[in-house]
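Lifted from Swiss-Prot, the feature list:
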BINDING   GLY18, GLN43, ASN110, SER208  pyridoxal 5'-phosphate binding site
BINDING   GLN43  4-amino-5-hydroxymethyl-2-methylpyrimidine binding site
DISULFID  CYS195-CYS207  disulfide bond
Amino acid sequence: MRPTVLCFSGLDPSGGAGLQADIEAIGQSGAHAAIACTALTIQNSQQVFGFEATSKELLLAQANAVVGDLPIKCVKSGMLGTTDNIAALAEFLRAHPDYQYVLDPVLVANSGGSLGDQATLVKAFVELIPLATLITPNTVELRALTGVTDLDQATQKLFEMGAKAVLVKGGHEDTPDFIKNSLYIDGELAASSTCPRLEGEYHGSGCSLASFIAGRLALGDSLKIAVQHAETWLFGVLKNAETPVLNGQKIPKRF
């Protein structure tokens, strides 16, 4: 059986982000996706209306059900929603130190809607940061996690908090013509990439990127190669994104 990525994330009814994005991106990477649902969200491509989080007990039961049954090589997390779920994931990862782990530190949806109490989640994420093979914050999340405005200083603060590798995504920066991503490993810049900035906004781009990276890691790629493959794939997916009927954020066309 193909190597498996176990995804801890929420269910998005629009199919643009969350678990559906994870499943599609991991499938396109060549790996198999298993899921542990952290929350049922009420959202579309325009906004988040609310969510109901899974209990810690149910979340761990989902994850433990597939351990041993599937060849899990990597864990990926997106929306976790509550501090209990963050604690549950940390407990799971400590029980399985051989799993690689990609942490996408989701605090709000791309549409701006809340996916949990941000201040509380930021404090709880401290427990996950040292457990991650790679953390994939956008610049808004990076500043929120560290409390530091300068991006270079914020990145170094993450390493002081125990990070091993960080992919800083520049899509939220004021660069009208391009987007720059920077990969840091052990506190040093390991690679950077730029791509043209596409028009519009996209629902689930961050989920897709982190999940594709996780899939490639599960298949044995190095961190630098996994990120390179994922960035190339994502740009094509976003170029072909589809616009919803009510003109919300575009849905990446992942297959």
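Glycine residues also receive a Cβ, built from the backbone N, Cα and C atoms like all the rest.
For the binding-site residues listed here (GLN43, SER208), the lowest count of other CB atoms within 10 A around the CB belongs to GLN43. In space, SER208 is the closest of the binding-site residues GLY18, GLN43, SER208 to CYS195 (disulfide bond), judged by Cα positions. Annotation for GLY18 (pyridoxal 5'-phosphate binding site): same-chain Cβ neighbours under 8 Å, separated by at least 6 residues, are SER9, GLY10, LEU11, ASP12, THR41, GLY78, MET79, GLY204, CYS207. Remark: of the disulfide-bonded residues CYS195, CYS207, the most isolated position is CYS195 (fewest other Cβ atoms within 10 Å of its Cβ).
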